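These notes are about the structure you will find just below.
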């Protein structure tokens, strides 16, 4: 009876289709002047507030590479083996960097002919402009540098040691923490195109080349780590084996871990966050936790040490948690409640799910989210790993929820634990479907960011932070929602 008696005072839950942002006087003269930079977590900064969802039909290494190059980040799904997920992390890290970890090397006793072969002089893919000359391939002590120009007039039998520029006349560095800007300044002042980075015993650790720096500086939107590599996140669960997975992912180079379960406000998730924050193998990266939908959940995860929060219980296009479990909070209200607590502690929030348009991104961020996580909107792109099918004569890609039957059966198959219990115990909270093939990911991101820039300017703001201070919402009726879209025409 107490529950019945409380019905008149039940809180009201709103989602993106229930509201609009009220336009305000804007000082913005060009959308290009709008700043879309934000934080993913306490220490991870992004150029655009878009995160690729950790779904096995949305984000693997190809999606993550494009996301980082465009200023966002991809979170690699965990529905694979530890080795497979770590391999994806390494692929992202190798995709773009100003620190070459495995530069081509040659011995001083090699001939010009051998050097030409190593340099790939014919210009085939994989060719390099210089070789690092080392005393042997084990100790890797640098003896000098051999460039293509050193070989032009040499005879085929000439030895590398007679042609190379000795290390005593080579610009080198022992600063393994050197930044992109510092490396560029060294090249400018010393007039060199290569900088070998050496260890305490003169051993070759890395190589920085002018061509790699030019590639990186040509794309200023990319989100990079301190070594100039693309940033990437990885999802983990809360089981015992996920402690091993987390350590392996950090070792492989993951910049952030996302503890990702359907009900993030649980002791399992809270305990996992605490364990990761005290484990020396994992506490050097930020930990994001979710999914949650209440202020109480936000506070508990922040108290556990979470560096970021993932908000959303049931709003996704392939999620049926609200139907199966009867639980959830409409997404706009969930974001507002969680963000109100998170802002007090300086912890960024991700609005995960329910986003159908660029306008929804604007509403989520105005409500307090620092980033939005997209699944459906990015599925179907060329980079997305979903399988391509032909449906009614049109190409489509599969998309599926990670709490669904198919995703969990595939995971069990990979882990070689597919037995009758897996089928009997599984209660799906996700479905499978298809989305049209959409082409490359980058143009889609540009359209979404363009819409966000417009939304920020309509709020009379220059940045996300300013928008969150100034934004005002108005509730609208069903008729208002219908009026908001195209109407009274036949679409072409």
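Cβ from N, Cα, C; glycine included.
Annotated features, as they stand in Swiss-Prot:
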ACT_SITE  319  active site, thioimidate intermediate
ACT_SITE  321  active site, proton donor/acceptor
BINDING   30, 31, 78, 260, 261, 262, 313, 314, 402, 454, 455, 456, 457  NADP(+) binding site
BINDING   314, 316, 319, 322  K(+) binding site
BINDING   352, 353, 354, 375, 376, 401, 402, 403  GMP binding site
DOMAIN    99-162  domain 'CBS 1'
DOMAIN    164-223  domain 'CBS 2'
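Here the features listed in Swiss-Prot are painted onto the structure.
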| residue | record | DSSP (3 states) |
| --- | --- | --- |
| 30 | NADP(+) binding site | coil |
| 78 | NADP(+) binding site | coil |
| 261 | NADP(+) binding site | coil |
| 314 | K(+) binding site | coil |
| 322 | K(+) binding site | helix |
| 352 | GMP binding site | strand |
| 376 | GMP binding site | coil |
| 455 | NADP(+) binding site | helix |
Quick note, residue 313 (NADP(+) binding site) and residue 321 (active site, proton donor/acceptor): C-alpha atoms separated, nearest Å, by 7
Can you tell me which of the recorded positions 316, 319, 321, 352, 376 is spatially closest to residue 457 (NADP(+) binding site)? Compare CA atoms only. 352
For the domain 'CBS 2' (164-223), report the average pLDDT of the model, please. 88
Run through the Cβ atoms and count how many others sit within 10 Å of the one on residue 313 (NADP(+) binding site). 27
Give me the CA-CA distance between residue 30 (NADP(+) binding site) and residue 354 (GMP binding site), in Å, as a whole number. 29
Report, in whole Å, the straight Cα-to-Cα distance of residue 353 (GMP binding site) from residue 319 (active site, thioimidate intermediate). 9
Tell me the Cβ neighbour count for residue 30 (NADP(+) binding site), meaning other Cβ atoms within 10 Å of its Cβ, over all protein chains shown. 8
For residue 314 (K(+) binding site), which of these recorded positions sit within 10 Å, Cα to Cα: 321, 375, 376, 455? 321
In the domain 'CBS 1' (99-162), how many residues does DSSP call helix, how many strand, and how many coil? 15 helix, 17 strand, 32 coil
Excluding its own, the Cβ atoms lying within 10 Å of the Cβ of residue 316 (K(+) binding site) add up to 26
Between the Cα atoms of residue 352 (GMP binding site) and the residue listed as 'active site, proton donor/acceptor', what distance do you get, rounded to the nearest Å? 14
Quick check on the recorded positions 261, 319: which one has the highest count of other Cβ atoms within 10 Å of its Cβ? 319
In angstrom units, rounded to an integer, how far apart are the Cα atoms of residue 354 (GMP binding site) and residue 316 (K(+) binding site)? 5
If I take the Cα of residue 376 (GMP binding site) as reference, which of the recorded positions 78, 316, 321 has the closest Cα? 316
Alpha-carbon distance [residue 316 (K(+) binding site); residue 375 (GMP binding site)] in Å: 8
